[in-house]
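Enquirer: What follows is a single structure, and I will ask about it in a moment.
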Amino acid sequence: MHYFGYKNGELYCEEVPVKKIIEEVGTPVYIYSAKTIRRHYKVFEESFSEVEHLICYSVKANSNIAIISLLRQLGSGADVVSAGELKRALKAGVPPKKIVFSGVGKTPEEIEFALSVDILMFNVESLEELEVLGEIAKKLNKKAPFALRINPDVDPQTHPYISTGLKKSKFGIPEEFAISAYKKAKKNPYLQPVGIDAHIGSQITSLAPFVEALNRLKKIWEALIDLGFELKYLDIGGGLGIIYDDEEPPLPQEYADAIIKEGKDLKATIILEPGRVIVGNAGILVTKVLYTKENTLKKFVIVDAGMNDLIRPAFYQAYHKIVPVEEKNSEYEVVDVVGPICENSDFFAKDRKLPKLQRGDFLAIMSAGAYGFVMSSNYNSRPRVPEVLVDGDTYYIIRRRETIEDLLALESIPARYL
Ligand SMILES: *Cc1c(COP(=O)(O)O)cnc(C)c1O
């Protein structure tokens, strides 16, 4: 469910015509719907109301500080994977005690920063990281709260690039090593085991992998309790899928019911790290048709957004629905929608049936709110595009368009090359 739809043949985001935003900020542009984000958050949050829980929005899905702040207003915490994301969460006013820090490659500097602001817990992904965490905690004379991220070896049946809980993946610690690692940590007065964690992947559209992963965590949890550990947080990560095309992901309530059923006898505070499910369908990328052309095999629609702006199709062969900003009654054609970048993978759709388009038409690439802008780059020296947040009949530019001067500002030519 989202708040993008046509009124009198024109695409609106909530009560604002998309055309009106384009007139001010140009294209390409990301447009987000605040009402959609609030709705998704509330539905997700209410689904877990019968148990103690904390939602830590996964900042990497969409890390604009206005979006984090909007979610913080609703009570959300944050799951961060770098010092940069941690700073964003703090700047957006997220209380440190609602922040968890995940990631396989936290640097000592990042760990020190997170410890110094007293985050809720570190989701530790290796035995060496646990050691480093202990050393830094000792230096700061603090007790570092942590959970071990377990690699439960379950197949989430999603794209291989976003399957993170398989034995062969780099994430987490194998089950077999978990108990001994907790035991060792218990002897270190600067480490405080407070929970257990897993995150098995993203865009998961069935419940079974979540339940299986939770079962693995449960076994370790119970073994630890028997050994006298006092654990509080059962963090089951994020990963719930959304509808891009014809997927049938579980509803948040179905997801919650399955997790509550498995997890509630542990009397834990359940931590959830949703990203995509909150923001994915709350954003679109609007682009302009620059040219159309055809060869003997294919018709192409060349747009002003590129894979540097939205990499999901190139990276994961991801499907994004594409609709015209002004409804067309022209006949349909089968086209490739491609960007201006000098790479064959620079496409948004292949062999897609769309109404016949012409130069100057605007298109909305749907479901672009998660892993869209955050994965964008300056490849081909293209300034990154602006982000606009719509709320009711108002909109705000929450990130201005970069300029070419912005890109060049960080570089310099040493004198010998002048
Ligand atoms: C990416 C990530 C998430 C969010 O995943 P979604 O599929 O967007 O819900 C949560 N936790 C961790 C550790 C992640 O890396």
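Placement of Cβ uses the backbone N, Cα and C atoms for every residue, glycine included.
Please treat TrEMBL annotations as automatic predictions, because they have not gone through curation.
Pulled these from TrEMBL:
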ACT_SITE  Cys342  active site, proton donor
BINDING   Gly239, Glu273, Pro274, Gly275, Arg276, Tyr371  pyridoxal 5'-phosphate binding site
BINDING   Arg276, Arg312, Tyr316, Glu343, Tyr371  substrate binding site
DOMAIN    36-279  domain 'Orn/DAP/Arg decarboxylase 2 N-terminal'
MOD_RES   Lys60  N6-(pyridoxal phosphate)lysine
Enquirer: Tell me which binding-site residues (Gly239, Glu273, Tyr316) have a Cβ under 6 A from ligand 1; sequence order is fine.
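Expert: Checked binding-site residues vs ligand 1; flagged Gly239, Glu273.
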Enquirer: Taking the Cβ of Glu343 (substrate binding site) as centre, how many other Cβ atoms lie within 10 Å?
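Expert: Here the count is 14.
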Enquirer: For Arg276 (pyridoxal 5'-phosphate binding site), which of the recorded positions Lys60, Arg312, Tyr316, Glu343 has the nearest Cα in space?
Expert: Lys60
Enquirer: Near the pyridoxal 5'-phosphate site, what residues other than Gly239, Glu273, Pro274, Gly275, Arg276, Tyr371 in the same chain have a C-beta no further than 8 Å from the centroid of the listed C-beta atoms?
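Expert: Surrounding the site, in chain order, are Ser58, Ala61, Ser202, Gly238, Leu240, Val277, Ile278, Ala370.
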Enquirer: Would you list, in sequence order, the recorded positions among Tyr316, Cys342, Glu343 whose CA lies within 10 Å of the CA of Pro274 (pyridoxal 5'-phosphate binding site)?
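Expert: Qualifying among Tyr316, Cys342, Glu343: none.
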Enquirer: What number of additional C-beta atoms lies within 10 angstroms of the C-beta atom of Tyr371 (pyridoxal 5'-phosphate binding site)?
Expert: 24
Enquirer: Could you check what DSSP calls Pro274 (pyridoxal 5'-phosphate binding site) once collapsed to helix, strand or coil?
Expert: coil
Enquirer: From the recorded positions Lys60, Glu273, Cys342, Tyr371, pick the residue whose C-alpha lies nearest to the C-alpha of Arg312 (substrate binding site).
Expert: Tyr371
Enquirer: Considering Cα atoms only, can you say which of Lys60, Tyr316, Cys342, Glu343 is the nearest neighbour of Gly275 (pyridoxal 5'-phosphate binding site) among these recorded positions?
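Expert: Smallest Cα separation from Gly275 (pyridoxal 5'-phosphate binding site) among Lys60, Tyr316, Cys342, Glu343: Lys60.
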Enquirer: For the substrate site as recorded (Arg276, Arg312, Tyr316, Glu343, Tyr371), determine the largest distance between any two Cα atoms, in Å, rounded to the nearest integer.
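Expert: Between the most distant Cα atoms of the substrate site, 27 Å.
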Enquirer: Around Tyr371 (pyridoxal 5'-phosphate binding site), which of the listed recorded positions (Lys60, Tyr316, Cys342, Glu343) come within 10 Å, judging by Cα atoms?
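Expert: Those close enough are Lys60.
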Enquirer: Given the recorded positions Lys60, Tyr316, Cys342, Glu343, find the one whose Cα is closest in space to the Cα of Glu273 (pyridoxal 5'-phosphate binding site).
Expert: Lys60
Enquirer: Which one is closest to Gly239 (pyridoxal 5'-phosphate binding site) in space, judged by CA to CA distance, out of the recorded positions Lys60, Tyr316, Cys342, Glu343?
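Expert: Among Lys60, Tyr316, Cys342, Glu343, Lys60.
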Enquirer: Quick one: pull the CA-CA distance for Glu343 (substrate binding site) versus the residue listed as 'N6-(pyridoxal phosphate)lysine', whole Å only.
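Expert: Given the Cα positions, Glu343 (substrate binding site) is 26 Å from the residue listed as 'N6-(pyridoxal phosphate)lysine'.
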Enquirer: Could you state the CA-to-CA distance between the residue listed as 'N6-(pyridoxal phosphate)lysine' and Cys342 (active site, proton donor) to the nearest Å?
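Expert: Given the Cα positions, the residue listed as 'N6-(pyridoxal phosphate)lysine' is 27 Å from Cys342 (active site, proton donor).
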